[in-house]
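Chemist: From TrEMBL, for reference:
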type     : residues : note
ACT_SITE : 301      : active site
ACT_SITE : 469      : active site
ACT_SITE : 489      : active site
COMPBIAS : 189-202  : compositional bias 'Polar residues'
DOMAIN   : 271-551  : domain 'Calpain catalytic'
REGION   : 189-213  : region 'Disordered'
């Protein structure tokens with residue numbers, strides 16, 4: 001039904017825009033898709049009326065508009081587009097200017113060699129372009145830029161020669177991007193420094209690394225191994241990457257080629273195009289707005305919903321969240337449009353922030369429409385760029401789907417939480433959960449999306465909701481005794497039809513409309529996919545809250561990266577967890593300490609992401625000592641395994657003083673080696689370290705049980721043959 005809804009929406013858009021041929025195409029496509037789904041018995045026959053409606057509208061357009069008139073309209077439209085697109089000379093001028101800006105940045109930073117190289121590239125481009133330009137004024141501009149670049153390059157060269165230095169210029173050793181990695185590159189360190197009178201603990205990264213705070217060799221191996229995702233390398237993002245080169249005399253092309261398309265995209269693809277081929281004034285961000293973000297025919301509703309709540313956060317709190325991960329940037333950290341076509345995106349996955357390089361080619365349909373998600377704000381690119389980078393990591397636009405906690409973690413590094421709505425609303429703490437999310441949401445501590453589960457066709461038609469679909473939470477209110485949420489459908493159409501919908505005249509009082517600055521009558525004029533809904537209806541029709549928490553609300557954090565070999569220990573840990581990875585956690589509790597433990601499994605394959613069969617958990621024991629049998633002590637948290645890349649435990653420690661816990665990483669069935677990151681967040685100082693083996697003495701006896709030496713039954717004369725007595729000597733501390 002996604003494809004039908006897309007075609008119907010496009011038909012209506014083109015119909016209103018008087019683009020008749022495109023409208024006929026999409027009306028016909030929607031009708032044919034409906035009839036085919038009815039034939040396959042995937043939707044009820046009642047939808048046939050809707051198909052007939054679309055066919056009728058297409059026929060009306062045909063009858064009222066001759067093909068000659070349509071050709072005239074199309075030719076005028078094409079002419080208008082072609083005159084608005086920049087000439088090759090104008091594009092060359094923009095690339096030359098960008099090369100100069102990048103050269104000046106390197107010049108000011110003291111990187112003379114890099115600056116001279118960029119100046120030289122700008123000079124070559126300007127001279128070459130000026131020779132082929134038919135526009136005299138344009139040619140003069142290009143020559144003027146070339147002279148400026150040449151003068152500065154010559155100054156730098158002469159300055160370098162005039163410097164007398166007795167030192168020898170030695171070559172620099174190659175930089176290993178992995179081995180030079182500090183934990184600072186994955187999460188910001190806490191600068192707080194507090195101690196307890198009973199025991200001094202620390203959550204600083206250096207406690208588990210070497211004396212310089214670097215990662216251990218085993219952790220480097222983990223991060224290097226999991227840099228390979230879907231056959232491509234995505235190395236950790238380092239400070240040196242801020243010096244990435246973005247300026248080139250010719251448009252940049254990604255060495256990995258074009259992304260794989262979904263079947264729907266392939267059917268409609270006209271060509272891959274760069275922004276300067278179909279936009280007059282491309283820009284990364286014009287005016288960030290959650291309402292302008294639109295999902296197209298890619299099944300990534302959760303990712304688009306994540307972009308929507310991030311955009312809403314940036315507007316409300318005036319803080320860059322996802323726009324700050326796009327490069328190149330100016331000195332203020334604002335992303336720049338690059339006429340050379342190269343972009344670098346920083347995303348958090350497999351334990352650390354990682355670097356993704358893309359070009360600016362996007363799939364465009366037959367009628368000039370984006371075949372990927374985009375911003376409806378004119379000439380704005382940030383939505384399409386972020387989606388392309390994420391789709392590249394995930395193996396292509398033929399995305400298997402995700403959930404918003406996974407997507408938001410990649411975009412922001414925020415802590416992912418999954419709250420089952422059915423579990424919450426069936427108990428007595430539903431209001432407490434809403435109140436908690438309400439308070440934290442308005443403090444900017446969390447961002448939220450909602451997801452529906454499977455629904456039958458009558459429910460879908462009655463409610464207006466889409467099954468297994470993500471919705472962005474744009475606002476939460478408590479007014480007149482009601483708990484209300486404002487949601488956005490990433491499709492930017494199809495809204496809720498129940499209480500507090502735009503057609504619900506009973507619920508919308510004048511006072512409520514004024515308080516929410518909402519007009520149901522105005523909302524009925526245009527379906528933008530944004531609607532209000534009450535919390536009781538959310539509990540009834542939705543399945544999951546996906547909440548992303550700002551890690552900065554915790555003053556202390558510490559993480560480590562490790563591997564769990566498939567050959568270590570039994571497949572199932574029903575009877576023994578002795579070979580499971582175990583950690584000691586010591587917390588200096590002040591009597592009301594929040595401690596969150598996040599286990600993240602690294603994923604390197606698209607099929608693993610689409611069909612996650614690894615059920616993971618962190619079992620928490622109030623012990624601090626090694627656990628051998630899982631039943632020897634009841635875990636206080638973490639008994640349930642989830643087939644999700646993230647597993648979160650949340651504890652509130654009410655006792656004061658140093659509290660000791662044992663963390664046991666566990667799986668349902670250990671079928672293959674896994675790589676993971678274990679990170680602890682706390683409001684009090686703590687120490688996390690790998691569990692040490694408690695035994696310090698070892699003795700080995702070699703013998704043979706055979707014949708008479710085999711012992712025998714307990715009543716036999718040889719029962720004491722080869723019997724050993726074990727004596728344990730306990731020394732006082």
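Glycine residues also receive a Cβ, built from the backbone N, Cα and C atoms like all the rest.
All TrEMBL annotations are machine predictions without curation.
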Chemist: So what's the mean pLDDT when you look at the domain 'Calpain catalytic' (271-551)?
Modeler: 94
Chemist: Reported as an integer number of Å, what is the Cα distance between residue 301 (active site) and residue 469 (active site)?
Modeler: 7
Chemist: Roughly how many Å separate the Cα of residue 489 (active site) from that of residue 469 (active site), to the nearest whole number?
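Modeler: Here the two Cα atoms are 9 Å apart.
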Chemist: What does DSSP assign residue 469 (active site), in three states?
Modeler: coil
Chemist: Long-range same-chain neighbours of residue 469 (active site), Cβ under 8 Å, sequence gap at least 6?
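Modeler: In sequence order, 301, 451, 452, 489 meet the Cβ cut-off.
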Chemist: Using all protein chains in view, find how many other C-beta atoms are within 10 Å of the C-beta of residue 489 (active site).
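Modeler: There are 26 of them.
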Chemist: Can you count the other CB atoms that lie within 10 A of the CB of residue 301 (active site)?
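Modeler: Excluding its own Cβ, the number within 10 Å is 27.
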